[in-house]
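The annotation transmembrane segment is assigned in TrEMBL to 23-41, 61-81, 87-107, 114-134, 140-158, 165-183.
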Amino acid sequence: MLAYGMPTTLLSLATGARWQVTLWVWLLTFWLPGLATWLLYRAGRISSVELYERRQRPLPLLLTALGFGAATALLSSTAAYRAPLLLLMLGSITLAVVCTLLITFWWKVSAHGIGMGGALGLLVFLLLGSYPVGPAGPRWLLAVGAVAAAVSWARLALRAHTPAQVLAGLGLGAAVALGAGWLS
């Protein structure tokens, strides 16, 4: 959803295609995983939609990875939807969710931290790369950094994670986003 408002210099999609892409991405990356998690909860397979228990996280994470993978595949296979930066974002998120899934078999890492680290990593990549982010880029980085700090603090205040789990999430998210960006 955040990518929808990006300038066309960063996200080269026709205006009509932006609505379609937004709808598909929303359905596959938000609605599908959210509905699947809710159905798992209603069926008694998980005790909470917040997934506090590490052992209950793999199936919802797998379904989320499949949703992001499907969105990435759809956008890469449809010429009107193909925007390199959007594909980079969705592909790196898919990889981050798969990494989260694999780590979850042994340890509980902060998925919120991974998401915020990924957003920070993507912004750093855009600022250091040849993308025309404009003079507002550093302000966006500060704003996202402040949100990442607030989200991290909230995860700790809620006792949902330890500091190590939050920091590992932030680091993994940033590493995946930066790595995917530089490899693209």
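Cβ atoms are placed via backbone N, Cα and C, with glycine included.
Sequence-distant neighbours of the transmembrane segment (114-134) (same chain, 6+ residues past either end, Cβ-Cβ under 8 Å): 7, 9-10, 85, 88-89, 92-93, 96, 99-100, 140-141, 144-145, 147-148, 151-152, 169-178, 181-182.
Listed by sequence, the residues of this chain that lie at least six past the ends of the transmembrane segment (165-183) yet keep a Cβ under 8 A from its Cβ atoms are 88, 91-92, 95-96, 99-100, 103, 107-122, 124-126, 129, 148, 152, 155-156.
Counting same-chain residues at least six beyond the ends of the transmembrane segment (140-158), those with a Cβ under 8 angstroms from any Cβ of the stretch are 110, 112-113, 116-117, 119-120, 123-124, 127, 133, 166, 170. Here the transmembrane segment (61-81) has long-range neighbours at 13-14, 17, 20-21, 24-25, 28-29, 32-33, 36-37, 87, 90-91, 93-94, 97-98, 100-101, 104, 111, meaning same-chain residues at least 6 beyond its ends whose C-beta is under 8 angstroms from one of its own.
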